[in-house]
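Peer 1: Structure in structure tokens, see below.
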Amino acid sequence: MASPCTSSLCITTLLLAVVSWATSASARNFYQDFDVTWGDGRAQILNNGDLLTLSLDKASGSGFQSKNEYLFGKIDMQLKLVPGNSAGTVTAYYLSSNGSTWDEIDFEFLGNLSGDPYILHTNVFSQGKGNREQQFYLWFDPTADFHTYSILWNPQRIIFSVDGTPIREFKNAESMGVPFPKSQPMRIFSSLWNADDWATRGGLVKTDWTQAPFTASYRNFNADNACVWSSGSSSCASSSSSSSSDGNTWLSEELDSTSQERLKWVQSNYMIYNYCTDAKRFPQGLPPECTMS
């Protein structure tokens, strides 16, 4: 018969084992949070649910979506993009509702020839209307390692961030007649697909299928700070106002002075297109939200 565990070392080891078990039991994984929706085996969940990969070849791309719908949230995902010659490919990671007047919050990564930078394309749709594109280069190689791409969506604003640095803020401008996504729950979607008719240099550079399959990888999804929408109600005490008592301070979060400086840094150095400065595109005048500071 084994002797009872009485030494402090033995007890510590047991406690660590219990903590490790509890942590692993509570950790989220892709099996719990997402469904592979298309791709005929080209999307794979690996490493006990810790990693998800999407692949694209000449026959098909692939994609997944969240099991939950959300109405406001702070959502993080780590992505490692298609390496090498990714021209013609698009890796899309976005929130979207259903219907003809859908809402949508987009990250799209436009592939490029080896050595050229990826273009990070962002857009916001409300009531089925988009045309609010801003595009950026990144200050690192997004194919060399995983980086965190985040969306903060609350009733006052949408903030796009990369590794904790804000790159774009879209404020609620309903007072100026601009629709804002705030009433339609959205799922998280991602897909890897061929868009060589437009993605790289306006479609001039086509996909080189000898490089296929193209693969993008995902890990460390986090939506702990998000309001899950189910059966017509929200998991948050109040999804229309700040509620610090239940920990939902992100529902009224805004950029502090340091974050505003980081945002200016990104937009001064890495923004390559802004619909709010494209007067040719809007001959009748720029959209009203473009006048907001």
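Placement of Cβ uses the backbone N, Cα and C atoms for every residue, glycine included.
I grabbed these lines from TrEMBL:
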type: ACT_SITE; residues: E104; note: active site, nucleophile
type: ACT_SITE; residues: E108; note: active site, proton donor
type: DOMAIN; residues: 24-218; note: domain 'GH16'
type: CARBOHYD; residues: N112; note: N-linked glycosylation site
type: SIGNAL; residues: 1-27; note: signal peptide
Peer 1: At the level of the C-alpha atoms, what whole-angstrom distance separates N112 (N-linked glycosylation site) and the residue listed as 'active site, nucleophile'?
Peer 2: 25
Peer 1: Do you know the mean pLDDT across the domain 'GH16' (24-218)?
Peer 2: 96
Peer 1: Take the Cβ of the residue listed as 'active site, nucleophile' and count every other Cβ within 10 Å, whichever protein chain it belongs to.
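Peer 2: Looking across every protein chain shown, the total is 18.
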Peer 1: Let's check the environment of N112 (N-linked glycosylation site): how many other CB atoms sit within 10 Å of its CB?
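Peer 2: That number is 20.
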